[in-house]
Ligand code: HEC
Ligand code: HEC
């Protein structure tokens, strides 16, 4: 290696460190800027972030009260194609990294709303809700299904930035995510924790746990 190469390598190392330093500067989350940008999201996720369950249609998840870093990760995953969904991809592409941080802070600051509508509860059988509760709170060790609460927090209200709140989330959304993991359509979770669990569940169990969780309070009582 001649002298020029060595200098060149030193220069690129400096440039690399410089650009790493710049890109690592964290954006200070500003919910007010997030609110201004969130108008784009209202049609589906609603202004209060409550989302909507459309029976037999697409289900738009509640974003209100979810952890900000979790929301940021999901939007980045949609943006880079690590998580795939035709409705979301286009919207994630419209947002730069700063906007993603601000929008996440905005939705995280909103009070969590519970999806469980009485008509939903009435259409689930008592056995189904009982089975869903079992899976969510004590698991089914015969099928190696760990209770959801083991990771998602004692009342499934979320734990830290990695494990999102699932209590009070919409029925259709919970069901679709579990089916997506079973079929390999969602695989953006680093350690494949969810794919492993979903693979052990029957369709009846998926429906049961989604039904029970959707009827639970989305915030501590
Ligand atoms: C046309 C409807 C639509 C619009 C508009 C929309 N979304 Fe979504 N969003 C969805 C759907 C559907 C999903 C569920 C995707 C899936 O099943 O993987 C979703 C999922 C998400 C998730 C993942 C939530 C979770 O719990 O993992 C985030 C975060 C999100 N959207 C943020 C936004 C933001 C921010 C905007 C506005 C910039 C927006 N969305 C606009 C339909 C929409
Ligand atoms: C071993 C830990 C673990 C257990 C047990 C677990 N999960 Fe998860 N779950 C995760 C992780 C991690 C994520 C976030 C994946 C990501 O980052 O995209 C997740 C995400 C989810 C999501 C997506 C939520 C959203 O907002 O997009 C649903 C739905 C879900 N889990 C349902 C369940 C159900 C139902 C059970 C119980 C039958 C369960 N999980 C048990 C680790 C776990």
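Including glycine, each Cβ sits where the backbone N, Cα and C put it.
Annotated features in TrEMBL:
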- 41, 44, 45, 88: heme c 1 binding site (BINDING)
- 148, 151, 152, 194: heme c 2 binding site (BINDING)
- 29-111: domain 'Cytochrome c' (DOMAIN)
- 127-217: domain 'Cytochrome c' (DOMAIN)
- 1-24: signal peptide (SIGNAL)
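In sequence order, 78 are the residues of the chain that are 6 or more apart from residue 88 (heme c 1 binding site) and have a CB within less than 8 Å of its CB. In this structure, none of the binding-site residues 41, 45, 88 sits close to ligand 2 with a C-beta under 6 angstroms from any of its atoms. The CA atom of residue 194 (heme c 2 binding site) is located 26 Å away from the CA atom of residue 41 (heme c 1 binding site).
Residue 148 (heme c 2 binding site) falls within neither a helix nor a strand when secondary structure is assigned with DSSP, and so counts as coil. Secondary structure at residue 194 (heme c 2 binding site), taken from DSSP and collapsed to helix, strand or coil, is helix. Of the chain residues outside the heme c 2 site list 148, 151, 152, 194, 146, 149, 150, 156, 163, 166, 193, 197 have their Cβ within 8 Å of the site's Cβ mean position. Those same-chain residues not listed among 41, 44, 45, 88 yet with C-beta within 8 angstroms of the centroid of the heme c 1 site C-beta atoms are 40, 42, 43, 51, 60, 63, 87, 91.
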